[in-house]
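Right, one structure below, let's go through it.
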Amino acid sequence: MKSNSTTWLDRLLASRYQKLYFSAAAMLFALIVGAVLILLNRQNPFVAYHALFAGAFGEPYRLANTLQRAVPLTLTGLSVAVAFKTGVWNIGSEGQLYLGAFAAAWTGFTFTSFPAFLLIPLMLLCSMIGGGIGGAIPGWCKARYGMDEVITTIMLNSVFILLTSYLVNYPFKTTQGQMGATEKIAEVARFARLVKLSKLNNGAFLTIAIMILIWYLLQKTSVGYEWKMLGENALFAKYIGISPARQILVVMILSGALAGIAGALEVAGVHYRFIEAISPGYGYDGILIAMIAMYHPLGVVLVALLFSALKVGALPMEQFSNVPAELIDVLQAIIILFVAAETGVVRWLRQK
């Protein structure tokens, strides 16, 4: 019996899907801990989880809301995944999203005479430029001066968010009197809604296309191979002729551009303008999503859907089962804690 157990454990630890197994185990463990907490609250965990599931997927418009919330989470997750996989710790997706969103909104309410086939691509391009600039600044500081990108991106998050707050409350404030909002973008630039009673729009299809492009870039191109080598062993990458400084700058620009597109889709498909609190933390959630997905583009989509379902289903769960919606934050924290402990757990298991 012991021999079979050892063989099974060895196969698990040697599997190429080891990280996937740990992510799945983390989610299962979080649900179990959540059930225990619900029981301690003298509530039925089956009723609570049923309400959570029904709130996220029970009706077409609820499913559409879950899919829509997953759109910015997927893009910020991809933004972080591209950077982290290369060994560059971009924590600035939130601020870069704000820059991209404002750039898209400004384009949309400035060039109102443009037709849709020109204005929409221009908005997306400007959002990529805005977000890309937000990534280029800390990327250049890292590549040129060796400055810690964790510190610079965290600091710049506040700078970019406050900058857009100033712009939207003063020089670009709407004339309709609403605080913290710009004028609405041209109607031709607004994405069509796909499901009644929800804000799911054509941006979902664009997000899937971007995910496929990022997957192809990382998995099937020489550039993706260089980034992987840089992330795994920067000294070896430099030895074989890869320029770390140049690649770091390129990666940070791409990472910021992806976050900027997330902001553009919120403008074009959800709010139809830039608002001061356009993101409830999509950039920060993207960090968690990328980590759980192990930086794989398809995994990012799946984890983004999970996070979206948890957030969308939280309020119905609270309404129908008397379980606080804050339980969702606890579940997410447990998942992250378990995934972050992977290295230590694997080392401990190998010593057994």
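Using the three backbone atoms N, Cα and C, a Cβ is placed for every residue, glycine included.
The transmembrane segment annotation in TrEMBL covers 20-40, 70-89, 118-138, 150-169, 200-218, 248-275, 287-310, 330-349.
With pairs at least 6 apart in sequence, the transmembrane segment (70-89) and the transmembrane segment (118-138) have fewer than 3 Cβ pairs within the 8 Å limit; the two do not touch. As a quick check, the transmembrane segment (248-275) and the transmembrane segment (200-218) clear the bar of 3 or more Cβ pairs under 8 A, pairs 6 or more apart, so the two touch.
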